[in-house]
């Protein structure tokens, strides 16, 4: 019997599904710590981002993540549940095949392209009926039935569960990317089911003191940089020089300049590499190596840093991050295969005198900056805010390696590869 192309595409898609219980590569789970955590052990090593993360919590510098109800990477999985797990796998396979076989050949090809590229290539939306729910269970084929979590899934949720996050349970755990046609639409007739047009939401958690909080100690600017402007707690000075003798701090505060909403600086340890990148479009990709990449390519910058650690981390940046300005603030989506670490004043408690470092796993999104919260942080009688009005408008992002009291790196200036994002407060 001749096998049709559609059947071959369905089998190929199923083989490309996300691993359910196998160990991920070291970088996905432990790239942030990598043997550099103080008192490291099971806390960081078992938190995997590509397939897990459970409730999607963004941990502090410890990188703690809550595993989902499915119990991925449990050190001692209960043997009594082996049969149930096998039955669930068979049910999921039957349901997935029944859904995929209803798709047209062109739709299957589009889905396969998105899955195999792992989001590295911009792929089109896969528009399918939005009111179809998929019932997961014995003798329950895909049909339009009332949602009964966790046994009933919408089509986008099912495909995300199969191809990205096996522990995914509810639509509230994911966020649609702004590049998607279904972004911002409520109950559309056709909804995009491309699993790489959605991201997993990070849920902030309160860290157990005293492990994740550290004082905001300022370092002095270097003597050779008279124009240095302290823009962050750790670097102590970022020497921004703009054409015409104006510092970038003055440029950011020019009332008539509204062409950009933020600028990005790339650092390798204590050295800034390349020029500032002004962002005008609502979305920006920051990457080292990205197929069909369009944005801020770190791989094209000339770096004289010969450190093996810097070169190793640089090679792991890969697809990097996506920075998007949306209605409720600025979001960061981790497109790479390794965790990123973020510090932002608007992610922390407004009453706190210290800031947290949040670990964001691959495939996860976090609202890294909130304009309303940032404005509320400005205190007119505070000398620091008077001298540096954009201090609360700065976000720091480190690739692969974390920093803070939990790590040997106390300051972000010790991280191999990191970004400083300064938002235009006007």
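Easy rule for this one: first residue shown is 1, then count along the chain.
Using N, Cα and C of the backbone, Cβ positions are placed for all residues, glycine too.
It should be emphasised that the depicted structure is a prediction, and the values quoted were computed from it without experimental measurement.
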Where does Swiss-Prot put phosphoserine, among 154, 249, 259?
249
Kindly point out the range from 208-217, 218-227, 228-237, 238-247 that Swiss-Prot annotates with region 'Important for interaction with SMURF2'.
208-217
Annotated region 'Disordered' segment (source Swiss-Prot; candidates 67-87, 88-108):
67-87
